[in-house]
Amino acid sequence: MALACGRIIEWIENIAPTRLAEHWDQIGLQIGYGGTEVRNVYLALDLDEQVIDEALAKDCQMIILHHPLIFKPLANLRWDNQQGRMIKRIVENDLQIYVAHTNLDIAQGGVNDVLATKVGLEKIEPLYEDKKDELVKIVVFVPLEDEEKVRQAMGDAGAGHIGQYSHCTFRTEGTGTFLPLDGANPHIGKVGSPEEVQEARLETIVSQRKLKRVLKALFKAHPYEEVAYDLYPLLNESKANGLGRIGYLAEPLSVQDFAEQVKKNLNITSLRWVGKDKNRKIQKVAVCGGSGGSTIGHARYKGADLLITGDLKYHDGQEALSLGMDLFDAGHFATENPAMAQLAEELREKAKTEKRKIQFFVHQKNQDPMCLL
């Protein structure tokens, strides 16, 4: 059963909200149309000719990328360079290209959470805490026989998320009263006749960014012509979003032993190390997927014994040594690529929840262009 590209975009942006992206980033639907019907979706870290070949071979109508295809404004669009040729193929084959970049880096469950979990960290928190969701409580009054339908619709739209639980609500029963006036078309009762109805008071919470979507689902599922509901802004603090992650190993490990664990878990054969003693015990570790040299000072400030990232430079190493912190450069590719499989799995769950038979394929042939001889 096909689904509009725009709906899949809503799923992605529920996982990695666009508001989390850095101001300089180029994210979202870069090529295509939100109304295009999609049956199969392909996910890859980067776009190249091979990714397009594989996507077309699997009859995909949409490709989700981490790194933007179009980052700088195009001065021209020519078929004698790789970018131009790829865009030509994309348009000719009606492929939709969507990018989730720094928003996926920062989002809960995104690139850095996946990396932190992969290398064996526990008690994981954002390295930088700078983007929290504002929370709202929704209270709605609904006839008892329609309560389950409304509760499910609101939960499916994103209400009731608390930690690792979804669809969290609280209900009490009571009596609702109303008097339909001239011009009303009541679901229960008659115009001019006072009514009493056994109703449930249904309460749940939702982040501000999901509120519009949840209200839309509520109004669609609720049987009443005029829905009685209340919105309360909350002072509760939600989990913070931010760049990077920091956490702890279950027990201290030597730098050498931890290096072996990281290589195994990230499926790499080598990594670059900055440090002085391979036998030094470490436990508090920071990670920043991709290119994270700029986080060295902050990672040390937060108490990290070691930082895992990619794309490190000579002076990054000097800075870390001066601060007494070790570095692992595991590569840009290896520190980000695992997140694509996780994103695909989350999208499969959303398709399952909405009873949509959309297939999500993850590119298996991407590889790090940087190799050690």
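Start at 1 and count along the chain as shown; that gives each residue its number.
Glycine is treated like the rest: Cβ placed from N, Cα and C.
Quick look at what TrEMBL lists:
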- H66, H67, D105, H332, E336: divalent metal cation binding site (BINDING)
In the structure shown, which of the binding-site residues D105, E336 has the fewest other Cβ atoms within 10 Å?
E336
Across all the protein chains here, work out how many other Cβ atoms are within 10 Å of the Cβ of H66 (divalent metal cation binding site).
26
Listed in sequence order, residues not in H66, H67, D105, H332, E336 with Cβ within 8 Å of the centre of the divalent metal cation site Cβ atoms:
L45, H101, L104, V111, G289, G290, N337, A339
Cβ-based isolation winner (fewest other Cβ atoms within 10 Å) among the binding-site residues H67, H332:
H67
